[in-house]
Structures are given as structure tokens and as C-alpha cells.
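Novice: This is the structure I want to talk about, given as C-alpha cells.
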Amino acid sequence: MHTSFCWIDIVSFNAAISACEKCGRWEAAVWLLAVLAGAGLLPDVISVNAAISACAKGGQWEGALWLLGGLGGRALVPDTISYNAAIAACEKGAQWELAVALFDDMRRRGVRSDTITCSTVISACEKCEEWEIALTLLAGMWRCLVVPNTITYSGAISACEKGQVWPCALWLLDEMQQHLVHPNAITYNAAISACEACCEWGLALELLREMTRRRVEPTLVTCNAAISACEKGRQWRRSLGLHADMQRRGIGTDAISRNAVVGASAAAGAWLQCLARLTLVSPDAWTYSSVISGCREACRWEATLALLPEALNRLRSARGQRLLAIVNSAVAASGSVGEWAHSVALLDGLSLMRAAPDDITFTAAVDACAKPAEWQTALSLLARASRCSLSSAEGRTAAMAACSEGGRWEASLALFASAPGELADRTAGNAAIAACERGEAWRQCLSLLQELAARRLPPDLHTCQTTARACGSGGASTSALQLLDDLPGFGSWAVGSEDHRSAWSAIVWACEASGLPMPTDRCGASLRGFHPAARHACETCRVASRTSPVRRAGGKEAAKK
């Protein structure tokens with residue numbers, strides 16, 4: 001058997017390993033490399049490079065790195081092709097850190113990188129949303145006298161798209177054209193998708209027009225991204241125009257295109273247009289969910305309930321998330337017009353459909369109970385969600401709002417106090433403070449304010465205004481003045497900003513309502529160097545307090561003493 005190998009030379013082995021690499025047989029390529037050594041032949045760099053490339057195409061990044069590391073043991077020096085193949089393996093395996101590390105190792109060893117090297121490393125960063133590193137690598141190419149090509153720029157623009165930094169994506173598109181690098185459809189797809197992700201529908205349409213001017217044919221992906229941008233911008237007429245243009249050009253449409261048009265109409269509240277589209281498409285769960293959302297935007301909850309049986313009948317074989325998306329939209333639609341009973345009934349009906357509610361279902365149902373002050377139902381739903389191991393900050397905040405509307409500030413306070421750390425955010429704190437303010441519990445408002453600061457959740461404008469109103473209504477001018485001292489430490493707004501002045505106005509009102517003027521010397525010291533408008537607010541307070549009949553009576557707190 002061994003004698004059959006004696007006439008085979010290294011060139012033959014290299015050709016065989018390359019053949020395995022081209023057809024994706026990485027196991028055979030590695031086996032041939034081992035057989036080569038057993039046949040008394042020494043592999044060269046070409047042999048190992050072909051095996052590394054085979055591992056890269058097979059998604060075996062660990063094997064590729066092992067082979068690259070073994071070159072030194074064979075007294076072989078890795079070249080640009082060796083590193084390019086190993087970096088490609090890391091890129092395919094979403095190992096961007098290793099790809100960057102190999103790139104750095106190339107420079108340390110004095111191995112010259114080329115356009116393929118840099119493009120592959122940038123692509124690895126793009127897949128893992130590391131847009132800043134991708135841009136740094138692109139900038140470094142020019143310093144190393146490596147010229148980026150269309151693939152390089154497309155990868156960097158796609159990285160910006162995933163990082164939702166559309167200005168960088170457009171800047172790169174402009175830069176590549178300045179360097180006479182011609183963008184292709186993939187480049188424009190990434191740039192338009194970057195605009196779509198950030199709701200910049202106008203720029204997305206401008207890029208689509210630029211493609212036509214440059215005679216770059218848009219693809220289905222291009223048009224879908226542009227329609228989705230219009231959907232997010234509630235530009236339903238433009239989305240319809242794009243959809244018609246796609247059909248005119250023979251590009252064709254798919255479920256994404258059709259659903260994006262329906263979604264654009266839904267976002268704009270064009271519910272009749274949504275219903276009309278149902279007759280022109282083969283609706284899926286997402287389509288029905290969008291139409292129901294459109295009816296919700298237009299406050300047409302009756303249309304929602306009428307559409308729901310049709311949706312469930314057409315999609316009776318649907319299960320899991322697809323069915324749940326329809327019901328969730330219907331629950332939210334009913335709740336948006338105060339039909340909380342319908343929302344709860346829809347949630348209960350999920351069991352008949354053999355589906356389980358999720359966080360979104362419970363949150364929408366609890367939110368439906370907020371405005372009609374159905375606090376008992378809201379708390380019951382929250383308890384059910386907890387038993388199902390479901391919880392969300394939005395659901396808890398909605399339950400707190402329901403308690404507030406029902407005059408149950410103690411229950412709202414208890415919900416905030418019992419919330420796990422990740423759910424006790426500033427929004428929940430504001431809801432608790434609002435409930436206490438409604439119940440004229442100003443001491444609890446102040447306590448919550450301090451608790452938020454202790455949790456490193458600096459109070460925002462709403463927090464401060466609500467607390468100031470509570471102090472004013474409760475005649476607690478001293479506490480309102482304490483807010484004045486605490487303002488600089490909150491750090492949630494700049495001194496002299498619009499929010500800062502609004503907070504001052506609330507404190508001014510609190511002092512006036514409780515019948516005690518804000519001390520002149522204290523105001524002067526506090527406001528020295530502040531924005532002139534803030535000093536004007538102080539002067540307003542002083543004038544108001546002088547003319548206040550409550551002040552002449554000595555103030556509520558002074559009268560109590």
C-alpha cells in the first residue's frame with residue numbers, strides 16, 4: 001500500500017488538497033495533509049494554506065487556527081494567503097476578536113496585508129456589530145497604502161447599518177465615490193438599510209433615486225429596505241408608490257414588501273387602506289397584526305374585533321408566536337379606546353386557542369385597565385403574569401398607573417417597593433411619585449425622590465415637577481425649598497436649560513401655593529451665574545409671594561406652628 005505513494009510528489013498532494021478545499025471537504029483536506037507526512041514528504045506553505053482554506057469554507061475556525069499555529073513547527077513561515085484563510089475562518093465563525101488579533105499578528109511579523117485581508121477583518125467586525133473597529137481598520141488601510149475596494153466599503157457601511165449610525169454610512173458612501181470606488185447594489189442596500197433602521201425615510205428614497213442616476217439596478221432587498229423606511233416614517237402613500245414601481249420594473253415583491261406597505265398604512269392610521277390591502281395579498285399573521293394595529297391607531301376597535309375571527313379562521317393552523325402577534329395587537333387595540341373588558345377577554349381566550357400569553361399580552365391588558373382605573377383587575381393580571389414567570393417594567397408601571405387613577409397610591413407605592421432591581425427604573429419611580437402626588441402624600445414623594453437618587457437614577461423634569469406640586473399642595477414650602485438645594489446635585493439637566501427653568505417654575509409655584517416667599521438672599525446665592533431666565537423665575541416668585549394673601553396670613557406651615 002505504501003509503495004503506491006512513492007511516485008506521488010508534493011505537487012500532486014497540493015492539487016488534491018486544493019480540490020478538497022474547493023468542494024468543501026475540509027476533513028479530507030486535513031487527512032491528506034496527515035497522509036503527506038506519512039508518505040515521507042514535507043508539506044510546504046501551499047499545502048497548509050489549502051488545508052486552512054478548506055477549514056475556513058467548512059466553518060472550522062478552530063482547525064484553521066490550529067493549522068496556522070503549526071506552521072512554525074514545520075519550519076514554515078506563514079504568508080499573506082495563510083493569514084487571509086485563517087481570518088476568513090474566524091469571520092465565518094463570528095470570531096471578530098480573533099480576526100483582529102490575527103491582523104495585528106501579521107503586522108508584528110512583518111507579513112504584508114492586502115485588500116482581501118482588510119475586507120475580511122472588516123466583514124468579521126460587521127457581523128458582530130463592531131462598527132467603530134471596522135471604521136478604524138478602514139482608515140488604517142490608507143496609511144498602510146492598501147486601497148479599499150467595493151467589498152471593503154460595503155462591509156464598513158453594513159457595519160454602520162447594524163450599529164445604527166446612518167451618518168457614518170452616508171459619509172462612507174460619499175468617500176468611496178471620491179476615491180473612484182464604484183458602489184454596487186450591495187453597497188446601496190447597506191446604506192439604505194442604515195437609513196431605514198434610523199427612520200430616515202427621506203434619505204433612503206434619495207439613495208434609491210441616486211441608484212437610478214448611477215445606473216445601479218435596485219434589488220428586492222433595496223426596495224424592501226426603502227419601503228420599510230417609509231413604514232417607520234408613516235409614509236404610506238410613498239410606500240404604495242414604491243410597491244407599484246417594483247412591479248413596473250419587474251423586480252417582483254415578496255411578503256416583506258407587502259407587509260411593509262400594510263405596516264406603513266397601519267402606522268399612519270390609514271385603516272381603510274389597510275383593509276383594502278387584505279384583498280390584494282395573501283395575508284399572514286404579520287399582515288393581520290399590522291392591519292389590526294392600523295385600526296387601533298384610528299381608534300376603530302370595532303373593526304379590530306370584526307377582523308379577528310377572520311384572521312384566526314384563515315390562520316387556524318398557526319401556533320405560537322404567529323398567532324400570538326395577532327391577539328396581542330387586538331388586545332392593545334381594544335385597550336387604546338378604553339375597552340378593557342374586551343382586552344381581558346381576548347387574553348383569557350388564548351387558552352381556547354392552545355396558546356400562552358407573553359409579556360406583551362399581559363402588558364397590553366394591564367395598560368388597558370389603567371385609564372378606566374380598573375386597578376383591581378390590573379393587579380390581578382399582574383399576579384397572573386408573575387405566576388407564569390412573566391414580568392416587564394412596562395406592565396408593572398401600567399398597574400401602578402391604574403392604582404393611581406383609582407386613588408390607591410399605597411398600592412402603587414407597594415408595587416414599586418416590591419419590584420426587582422431591573423424593573424424598578426425611573427419610569428416606575430415616576431409612576432409611584434405621580435400616584436403619591438394624586439393622594440397628596442408629599443412626604444412619600446420626597447422619600448421616593450431620594451430613593452431614586454440612591455439607586456443612581458437621577459430625577460428627571462417630570463419627577464421634580466410632580467414632587468414640587470405635591471409639596472405645594474401639602475403646604476410644605478420648606479420641603480419645596482429643599483428641592484432648590486438638591487437641583488444642582490440631580491445632574492439630569494444643564495443649569496439654565498429649558499428643563500432646569502421648568503423645574504424652577506414648579507418650585508416657584510410650590511412656594512407660592514404654600515404661602516411662603518422664597519428668601520431673596522437664598523435665591524441670589526443659588527442663582528448667581530445662572531441663566532438670566534432662571535433669575536427671572538426667582539424674581540417672579542418673590543413678586544408673587546409678596547402679593548399672596550396666604551403670605552399675609554403667615555403661611556400654612558407658620559399657622560400650624
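Cβ from N, Cα, C; glycine included.
Here's the feature list from TrEMBL:
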- 9-43: repeat 'PPR' (REPEAT)
- 44-78: repeat 'PPR' (REPEAT)
- 79-113: repeat 'PPR' (REPEAT)
- 184-218: repeat 'PPR' (REPEAT)
- 219-253: repeat 'PPR' (REPEAT)
Novice: Which bits of the chain, at least 6 residues beyond where the repeat 'PPR' (184-218) starts or stops, bring a Cβ under 8 A of a Cβ in it?
Specialist: 150, 153-154, 157-158, 160-161, 164-166, 169-170, 173, 176, 225-226, 228-230, 232-233, 235, 238, 242, 249, 251
Novice: Would you list the DSSP helix, strand and coil counts for the residues of the repeat 'PPR' (79-113)?
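Specialist: The counts are 27 helix, 0 strand, 8 coil.
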Novice: So, by DSSP, how many helix, strand and coil residues make up the repeat 'PPR' (219-253)?
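Specialist: Tallied per class, the repeat 'PPR' (219-253) gives 27 helix, 0 strand, 8 coil.
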